[in-house]
Amino acid sequence: MKSEKSRTTSWLFQSHEVTEILGRVKKNRKKLVKGLHRAGPPPEKNYLPDSPALSPIELKQELPKYLPALQGCRSVEEFQCLNRIEEGTYGVVYRAKDKKTDEIVALKRLKMEKEKEGFPLTSIREINTILKAQHPNIVTVREIVVGSNMDKIYIVMNYVEHDLKSLMETMKQPFLPGEVKTLMIQLLSGVKHLHDNWILHRDLKTSNLLLTHAGILKVGDFGLAREYGSPLKAYTPVVVTLWYRAPELLLGAKEYSTACDMWSVGCIFGELLTQKPLFPGKSDIDQINKIFKDIGTPSEKIWPGYSELPAVKKMTFSELPYNNLRKRFGALLSDQGFDLMNKFLTYYPGRRINAEDGLKHEYFRETPLPIDPSMFPTWPAKSEQQCVKRGTSPKPPEGGLGYSQLGDDDLKETGFHLTTTNDGAVSCRPWCSLLF
């Protein structure tokens, strides 16, 4: 068994590594602010929530180990909190105003559950990834600021008015075809830039896509992002929020690459067209069920290596027809558009279209053409009014395969039922069975 120390260091960065990342943040700032600004009049009452002030003795005892790396970062008290936008798995986001410049920014408070031990790996990955991936269609990190006792850390980002998930929940009509094309071009441009820089996002979904009043799409929330290499390494398969998770991940593959992001792009494409999630599963196995019913049951012929996937070795699936997805869209999608959709949702990851080729697809060149982003209509910014609730969207994965939770379709004829057979096998009738 690993020692407590080894378990801790497996997910934490030490002070010198934090210093290196923060140095890159400061290099991107136009003006370097030296030292913490603790002097002056008391902060306004509506500054961002923070911890009570500590005495000098308590401060010495409580300061986290990464303290030296944060010297030179501004204090969060230099920002006025306007409202809380939303809370996710990896942090809380506020809309705030810089008291010095009056600029409106987004502040993401990182979740630091073990901050006295070191800097969380997910937080350092998120900062590092965004800094490496500067692009017009990716959120911009401006700087890092800290709480008054150096016990809370915030990422300062450019404020963006909407996320697509919340926006679509308030829209009375879906996006026009030309608007969908514009959004998809921007999404593919951002994803291409990530993949060109050897970065997997691993949590692409509509709630992580931001939209400015000027019609510019920004890919956000890099809490699950990581760099990848060639040859592929074994990664955890429990990534990507369930509704947007590629079939190879659902079936337990540990070696995966950019294709898992491209499946998510296909799911987003369908959601932009219909304002509804394409495959809204309630568990891993319900998600597989929904995909197979629309696209058909895969085989070794169309997906080389399929029979060797961990879940496939433990389950057998009934043959469902291929491919029923076209009727989901009707007149919303042209033949070229459906061809692109099929390329995003190709079972075999090695044949799934990449972002670069997606941008070259004929769908974006047929009428109606993509519109200029500046021609997008404007909508009231929900993030300026209240804490945004994510509705029924599932949370990002936190670990484990949810085979014990079954969705609505589980009790329908087209779903599956867990029963015990005479030979001791567990059957998921009528379309799959578990093998032991």
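Any Cβ shown, glycine's included, is placed from N, Cα and C.
Annotation comment: Swiss-Prot describes Asp203 as active site, proton acceptor.
Under DSSP, Lys282 (SUMO2 cross-link) is assigned to coil, being neither helix nor strand in the three-state scheme. Of all Cβ atoms in the protein chains displayed, 20 besides its own lie within 10 Å of the Cβ of Lys282 (SUMO2 cross-link). Positions annotated as SUMO2 cross-link by Swiss-Prot, on the basis of similarity to another entry: Lys282.
Per Swiss-Prot, domain 'Protein kinase' is recorded for 79-364.
Secondary structure from DSSP puts Thr129 (phosphothreonine) in a helix. Neighbour list (Thr129 (phosphothreonine), Cβ cut-off 8 Å, at least 6 residues apart, same chain): Ile199, Phe222, Ala225, Arg226, Glu227. Here Swiss-Prot flags Thr129 (among others) as phosphothreonine.
According to Swiss-Prot, the phosphothreonine annotation covers Thr236 (among others), on the basis of a large-scale study or a structure entry.
Taken from Swiss-Prot, the feature phosphothreonine applies to Thr392 (among others), supported by similarity to another entry.
According to Swiss-Prot, the region 'Calmodulin-binding' annotation covers 30-44, on the basis of sequence analysis.
Taken from Swiss-Prot, the feature region 'Disordered' applies to 383-406.
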On average, residues of the domain 'Protein kinase' (79-364) score a pLDDT of 89
May I ask for the distance between Asp203 (active site, proton acceptor) and Lys282 (SUMO2 cross-link), taken between their Cα atoms and rounded to an integer number of Å? 17
